[in-house]
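*Asks:* Let me begin by handing over the structure; questions about it come next.
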Amino acid sequence: MIKMFSLKQNCWFIRKVVIWRAVASIAWSVLLLPVTSAVFVLLSRFSLFHPIQWISECTSLLTASSTIFSLVVLCGVVLITGLFNLEFYTLVPSIPCSRMALLGTVLHPRQCVHSLVYCTMGMLVMWCASVTIGGRYSTLGIPCKQSESGEVVTCLNEYHLFLLLAGAFMGYSHSFLGVVKNMYYVSFQPIQQYKYPRFKGCLPMVVKCSVIQSLYSARNFAALYFFFGYVPKTWISSTLHLQIDSSLQPLDSLTGLLDFSLLYHLSISGTFLYFTWYLTVLLFRIYVTEAYSFPVQSTFTEDAEQCLPKVLAETNTLVMKFLALQDLALLSQHSLSRRLEVFSLSQPGGHPHNWNAISRECMSLLSELTQRLLAHQDAVASNGRVKSQSASIDTRSASSSSSGTEDVSETPRLSVPLRTPGSVFTSSVGGMHSALTAPFTPDVDSPFSSPAIRRLVGQQEPRSPWFGTVQSPHIMRRGPKLWSASTESQSNGSPPASPATVPSPPAANQKPSFLAQWLQNRREQLPEASSQALFADSQAHIWALQGLSHLVAASFSEDQFGVVQTTLPSILSCLVVLLEAVDRHFKLPHASSKPVRTVCSMGDSTYKTLRFALRAALKTAIYKITTTFGEHLNAVNISTEHRKRLQQFLEFKE
């Protein structure tokens, strides 16, 4: 009963923080819609040589019933866009590490529904734009006279159709780029700002991106309509029983598309469409990533689920965990009173529950990242064949026993790790379908996969010689390894892996088909993307490093009960082991290459440099501790290797 009550309290707390922020962003998007619509009316009716007539027409149009109805339709579009932002947003970007993974994401049924909805919304926005522009764009059917009989009939208005199809094309482009450029990835700003200054600073970028994307889409759609425009024109005219006016120049010709007025209104309407969507995305990002202050401890039991140590352990809602880590990093640097609450003892009992919970969760995050890097390095060392879990554990346990200190694997770990793009682990620790490999590992058990697809992707029986391998024989016979897994294992004192864990060569009669090999080659990993995917959720680790290091440094003068000193050896060992794993990763090919600078886009690409930010934050955290404690670290019980590495920081040689 108590557990159910706690769960209800937690759900209510999440709704209060996350959903209400999303509602506030949607409300502001709707409130700003009349302003953007008025600007669009002024630009669409612009007349340089008749300014008075231009202003009077715009004033009468803004109060017309058609404009009010268009605003109602646009409000519905904004509402659906805001709901899609709430449904599809992610704090860990999706990084396809192969062409097949990207193709599978684009063709996923959920993404197809998303594209269909945005095509429909694009047509609705363009319909509102065509009604607002008026003139030859106002309606789909226009009266015309037949050349033979002179009878007045209803003909297809190709200008109106052109704008509607352009809206559908732009809607699909927005949906497609949302996948390719991670439009729904929400990143937290390293420097916190209030909502209005941040909105004011990002507004010119939104306008610029809207204009650029509108011009690109207008160019691409014009080229597409030039080659295939007759198909929808013929189909719609025959379906709606509309005649085609042969006296007018068709738009699927070079002379028809070279119409400055048409291209201008297409670009202005596309800019209005993209700006409406981008503005909703921007406001959602600003509201969701706003800093939230969690109480460190609570007097009442019913409020315990809202305290910082409890929210840090949240595994169901990742945004709450990120907000808690952000709050931890802020309080560790800027709030003396809250730091004293972290260092306080419980009454009665005198136990440092707050510090134990916070430090345990931070070290769990860092340990999980260390294990992830080690698994990736093992995969690269074996040219795609990952060592078994038992062999990896034996290797690290032997290393820790030889050094005489506590290994990082002994620190508490998360029961459910952060959801990280796991296509960099084709069969990492935890098996093929672990939480790390969930996003991009092909789900052959899905109801959308047929038995033929299961055979093509190579799903084998446990007794098959191919069971346990992740590469084809052509890929397994690659060049020299970067380092030998067996040599590393023997040097650490652990026995080599048993023959059962080593993949045997396939029998001649069980050689995979050509199509299966082709699919496997398409699933090969991209080195740069694999490195980015490893550190896709590293913003959480950066906050954990900042919060942990600043709290440890502050404990030198503020910890009256010495609660930090009991865990200081484990913290230092955890940081040094992570630093060694990070340094080893940056020695891999393509790991230290800088990402290519992209053109203006609303897709957030900050995740591409997270590995560099993490390495800098890790070294800064160690420097923060070593410069604060100085020679006092010689009294801390850590291994000789770790002490030598810390000495490099004490001498400022790192």
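The backbone N, Cα and C atoms fix where each Cβ goes, and this holds for glycine too.
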*Asks:* Transmembrane segment per TrEMBL: which of the ranges 13-36, 61-84 is that?
*Replies:* 61-84
*Asks:* Short question: most Cβ pairs under 8 Å with the transmembrane segment (116-139), which of 61-84, 159-180, 222-242, 262-284?
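*Replies:* Stretch with the highest Cβ contact count: 159-180.
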*Asks:* Near the transmembrane segment (222-242), which same-chain residues lie under 8 Å Cβ to Cβ, leaving out any that are not at least 6 residues past its ends?
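*Replies:* Apart from its flanks, the transmembrane segment (222-242) reaches 140-141, 154-156, 158, 161-162, 165, 169, 250-254, 257, 263, 266.
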